Amino acid sequence: MKKYRRLFKIIAYANPGKGLLFLIALLSIMGALSSVLFPILTQRLIDSFSDAQTFPTEWLLILIGVLTAGSVASGFNFYMIGKVANRMLVNLRSKVLAKSIYLPIRYYDKNPSAEPASRIVNDTEVINSVLTDHFEPFISGMLTLVSSLIILWVLDWQLTAVLFVTLIIAFVITVPIAAKLSVLSKSIQEKEAHFLSFITERLSQIRLIKACTAESSSLTDSKQSLQQLYDLGQKEVKIAAIMAPIAGMTIVATLIIILAFGAARVSQGVITMGTLMAFILYLFNIVFPLIQFTYFFAAFNKAAGAAERVDELLDETEESSDGTQELSLAGQSIHFQNIKFEYEKGRPVFSDIDIQIPANKVVAFVGESGAGKSTLFSLLLRYYAPSKGRILVGNELINNLSLHKWRQQIGYVAQDAPLLSGSIRNNLLLGTEKPLSDEEIFDALKLAQLEEFVAQLPKGLDTEVGERGVKLSGGQKQRVAIARAMLQDNPILLCDEATSNLDSATEYKIQVAMNQLKNNRTTLVAAHRLSTVLEADKIIVLKEQKVIGEGTHQELMVKEPYYRELVEQQLKPFEGEDTLSEKISA
């Protein structure tokens, strides 16, 4: 019962509109009334003709009027169901998407991004199909069934009792089969989500797949998931194939029994031929809704499984916004105070580190891969909270500040400079709330060493960059990210330097752009280049979960052997700098 409550909860959450649902139910009643009146009017038509031996025109006109009214009601109902279903689907997808957007980074670290995508697209469609395909047949079918049984009992209770027995037998047989469909449906939805995740990942990395000539192995890997989906689908088909003949046999058996028993009662004069005809028509009024109920409950169980998955996502804890205070970060120092942090329990990334970031200075973090440079940025952006310790800006705990206002004041230039599909303009204005003119945008592009490139494009700022910015080079993507940070003009800048090899001209342009960006703001850099640490006001050396040294380049070259080793082995000069040996000896 819990999963059914979840389904009703999700439907209510989608806000289909109580008034519209009431109108659909009312129109369904009108359609059901037409179905209920048809057999009894047919009985009157036949018996009137038999008794008077003249054609009963009045009953025929009434019959035509009832059928016409039922058809009109059904047609309008079809339109209303479509309208409500579209509204419900848009509402539900919007709310599930909004929930997904506000989930913490930790959720996406543990789950593939295609998982919530599957729930937003596939599971909501399954839930919506209950309304579009089965709600009206269920309402009208239930009313038709109950009304028909009552009328049949009035017409001939003995014949109705025979009908009851055959229906109960069919019900006992089909219910356990329908329950198996429910279990299978949830398994199929989970496998579909897994497969969607697989193909999304493979297609998003198609260049890597082709470069490694891994097309064949990727297809081989996909076949296992497809085979599992096929096997589950076959089980579902087998169960449906069992239910279909049972339903057909039930109709035939019931019809034969009613015809035989009814014919005997007509010959005995207990009922008229019109009554027997009405009984047979009412039989279809009962059997067809029962068949529809079978499909309804199969779809209902499938939707319940989908609702369970959607509800699990909606029950996830959203990213905490913590405080509501607002504070300008301009001219504020940052203090990582006695920080301990671990992604997983028992595997610490930091153990009691203490770092002071002076205001309006450039601070470079150096260390081997995995030393925690990017993790510090994640803590500062409040993607994660420290396991122990606190982070202060000025004298204020960052958790006391509004999360939205906090992040609005931090610019971030990521290592791989990711872009969203869309235009260069859209990527530059991402997260920028104030309106900006083209002139202001080109000023930022000029500082980012990208103005000439964009100006030469046929569509200029409106040029599409492709998925993840695939139409731009690595250096161009870096400079778009730098220009975006310039437009945002935030008092704090986080920069995770690219580790990829760029040609000397591109690297020089990025270096010049970064120097422009760092002016008059507090800048934290995860450094991979010698030029960056040389220009830094302060260098923090990370090793084995701790800060083992801090100071300027000259100071650390004298007092910190590990830093000297990093300079010699890892920090990368680019063409145009002095040689490494000259830097070390300086």
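Cβ atoms are placed via backbone N, Cα and C, with glycine included.
Per TrEMBL, the features are as follows:
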{"type": "DOMAIN", "residues": "22-302", "note": "domain 'ABC transmembrane type-1'"}
{"type": "DOMAIN", "residues": "334-569", "note": "domain 'ABC transporter'"}
{"type": "TRANSMEM", "residues": "20-40", "note": "transmembrane segment"}
{"type": "TRANSMEM", "residues": "60-79", "note": "transmembrane segment"}
{"type": "TRANSMEM", "residues": "138-155", "note": "transmembrane segment"}
{"type": "TRANSMEM", "residues": "161-179", "note": "transmembrane segment"}
{"type": "TRANSMEM", "residues": "239-264", "note": "transmembrane segment"}
{"type": "TRANSMEM", "residues": "276-300", "note": "transmembrane segment"}
Exercise. How about the transmembrane segment (161-179) and the transmembrane segment (276-300): do they have 3 or more C-beta pairs under 8 A, pairs 6 or more apart in sequence?
Worked result: yes
Exercise. Can you say which of 20-40, 60-79, 138-155, 239-264 has the most Cβ pairs under 8 Å with the transmembrane segment (276-300)?
Worked result: 138-155
For this session: Quick one: average pLDDT across the domain 'ABC transporter' (334-569), no decimals.
Result: 85
